[in-house]
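**Student:** The structure that follows is given in the form of structure tokens.
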Amino acid sequence: MALAMTSSPPQPPPPSHRRRRRPQPAAPTPNANAKPKPRAKALPLLSDVGVGRDPSAIKYYARVASNLAGAGRLRDFLLAAEGLRAAAGDDPSFAARISARLLSRGVAAAVRDRGLPHVLEFLRDAQRVRVPAAEMLDADAADAVAAACRMVLEERRMAEFVEVVEALARYGFYVQGIVNPMDVLKIFVKKHDPDMAIRYARIFPNSQLLLCNTMEAFGKRKDLKSALTVFGALKGQLGGINMFACRSVIDICGHCGSSVQARIIFENLGVAPDLTSYNILLKTCCNAREFNLAQEIYEEMKKKECDGLLKLDVFTYSTMMKVFADAKMWKMASNIKEDMQAGGVRLNLVTWSSLINAYANSGLVDRAIEILEEMIRDGCQPTAPCFNIILTACVKSCQYDRAFRLFSSWKKSGIKISLSPEQKRCLDGGAFTFCKEYPSNGSTTLVVPFRPTVTTYNILMKACGTNAERAKSVMNEMRRNGLCPDLISWSILMDIHGTSQNRDGAIQALRRMQRIGIRLNVSAYTVAIKACVANKDLKLALHLFDEMKAHQLKPNLVTYKTLLTARSNYGSLQEVQQCLAIYQEMRKAGYEANDYYLKELIVEWCEGVLSSGSDNRDFYNLDLQPKRKESFNLFLEKVATVLQKDVDQNQIVDVRGLSKVEARIVVLSVLRKIKEQYLLGTAVQDDVVIITGHEKTSRTEVETSAVDVEHAIVTVLTDDLGLEVLIGPGSHLPVLPNPKALTKSRSNLQAPTKFTRPQGVIKIPVNSLNHWLKKKAARD
């Protein structure tokens, strides 16, 4: 039997020891109607036909195998390759004779027709027969495989994509050319999946760098847990401490506000920490506002400096200066300045600016101006932010007129500093831009010019208070000086309009920003929404809220809080549903939603169903104190769920997990909704079923809580509303709406209802509901 081929090659040369071939039967006459015979599933080994180690035979059958590969018959190619390898005694010359062009053509066709799994199986088997198929593929075949991998990635089949890339790398494929690895790692960062990110990064030779970048990407998203997971994997892969990785993770801890974790990592480095590591740890404490911990580390560094182990630099002092400036500890900041001078370290622009900020944050404007003048005498030329710090301090302390006076003085004549002859000699030859004046007494006056920026004018706009006209005048002066008002400028103007009860002015400013091409952000829309809320125009505020989302802008926490606190009371079911929709959207966006003000409004709204109105406020005050956040969120979710149902649906109210007060609010909310819909013409079609749960546990406090919930609901339904209720799993026994009867016949009622052991279900029959609704409608 001869090997099959796609074309008729020339006959192979006869080998030196050729076996006698058996006579073959005559070929049958071709029949056009006959079905083609299936291909042979296996090819004979060359040892069976006597090829041996004949080079010419190996060359011939290598050409046959190449033709099989080129025709897309990859399995037949592997069978031929396996047979040749066995017959040739693992002679590597066979693999070198395979046509890479034909093999690449077959692989590209297999990717297109059969998909990646078939090609991966082929590459695996090719390794088994010692044919480096992946290394032999040309650019076209490699591009076809890479394109198929990218298709898997685009469909976000991430686990499958990683498995495919792992297999390709194992078979020798150049996986770096498929896609930028960091683009894939960013997807895992967004999904908060550090394990899959670690697995994917380890495929590549530069896995250490990829893991470091992934760790920093998790840190930027403030996902400290995932960042530490990647750090642990990196540490284990390196088999020791990598100072670059340690410094990075310490910095990440600071960015995530976990200075304690940074300190733990720092203390467990296993090597003597250097100045850079200490400085990063200080920066971490500064970002996390851990002032006491920063001071402890600073004292430790000073001790090491005394022992000759460290030499503090300007970055160390500048960081500590900023720590104390943020904490409004101007005395401690002044001590840092003295330490720098004692250590022979000259203050730079950052250090001087932090010192000015320390006094300004403490409201010591005069002292901040003195430090600014001292800075100039020391040879450090201030920039506009140094002046802006002082102006901001004036605004924060409500010294608006002083801010304008300082601005006018500096803008007109700059800052004039008298210099002694020694100070003048120190400044000569420096990089100062100033004018010198020489009075008659021989002293020198240094004039430092002041060049205001857009930020400077924005600070002045804040100093306008509620005077919108003055703020517009500042914006006009900004333009006359060649500066263009930015997004912050217009936002300040909108806020001034809103504070002064000028809603139209705020909206006009917003639309003007859009007309002149300023791209609005969430903060600008939030300021406009706040202006509408301040002017009691919630409808326009909600319109702007929808407009913001239509522009693909995600509301922030301030936006949601502004809308949730917009109402002082609720007048209708629609208003409550509107507010709860915002609340649920806020929850889905990942923001904390423990807004007790919202809970109080819902209490007030649902109590409107009672004739007593607000007589039960003392009852609620016991439960309106901040408690477990999970319980509060569960309560609002229950309210949102029941209020979003239609009245004609089965009203099943699940109050399990709620306190007796929260359960009462949920039940009253349902009844208030039913009442409002009834007044609009929607009749009740079914019973209301309240599920309180049946706690089968030995814990007495849990059983007592379930009893309290059921009793509170029955009391408000029967005593306050006069409804008939059924209690128990089958809800067959009625509880009459008569408070006196409930008291007199307690012994008869208590046995079947079993208040001491909750039955889990309370039902309000539809007939009782309709009777109650008719009475309420007649009374209202």
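From the backbone N, Cα and C atoms, a Cβ is placed for every residue, glycine too.
Just so you know, TrEMBL annotations are computer predictions that nobody has curated.
Quick paste from TrEMBL:
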REGION    1-45  region 'Disordered'
COMPBIAS  29-45  compositional bias 'Low complexity'
REPEAT    274-308  repeat 'PPR'
REPEAT    313-347  repeat 'PPR'
REPEAT    348-382  repeat 'PPR'
REPEAT    383-417  repeat 'PPR'
REPEAT    521-555  repeat 'PPR'
**Student:** Is the repeat 'PPR' (521-555) packed against any residues at least 6 beyond its ends, judged by a Cβ distance under 8 Å, and which are they?
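**Tutor:** 487, 490-491, 494-495, 497-499, 501-503, 506-507, 510, 513, 562-563, 565-567, 578, 582, 585-586, 589.
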**Student:** Going by DSSP assignments with H, G and I as helix and E and B as strand, what are the residue counts for the repeat 'PPR' (313-347)?
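**Tutor:** Secondary-structure breakdown of the repeat 'PPR' (313-347): 26 helix, 0 strand, 9 coil.
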**Student:** Residue list, the repeat 'PPR' (348-382) vs rest of chain: Cβ under 8 Å, 6 or more residues beyond ends.
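**Tutor:** That would be 314, 317-318, 321-322, 324-326, 328-330, 333-334, 337, 340, 389-390, 392-394, 396-397, 399, 402, 415, 417, 419, 423, 426-427, 430-433, 446, 448.
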**Student:** Please report, as numbers and ranges, the same-chain residues at least 6 past the borders of the repeat 'PPR' (383-417) whose CB is under 8 Å from any CB of it.
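**Tutor:** Contacts of the repeat 'PPR' (383-417) (Cβ under 8 Å, skipping residues fewer than 6 from its ends): 349, 352-353, 356-357, 359-361, 363, 365, 368-369, 372-373, 375-377, 434, 445-453, 455-456, 459-460, 462-465.
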**Student:** Give the residue counts of the repeat 'PPR' (383-417) per reduced DSSP state, in the order helix, strand, coil.
**Tutor:** 27 helix, 3 strand, 5 coil
**Student:** Summarise the repeat 'PPR' (274-308) as counts of helix, strand and coil residues per DSSP.
**Tutor:** 29 helix, 0 strand, 6 coil
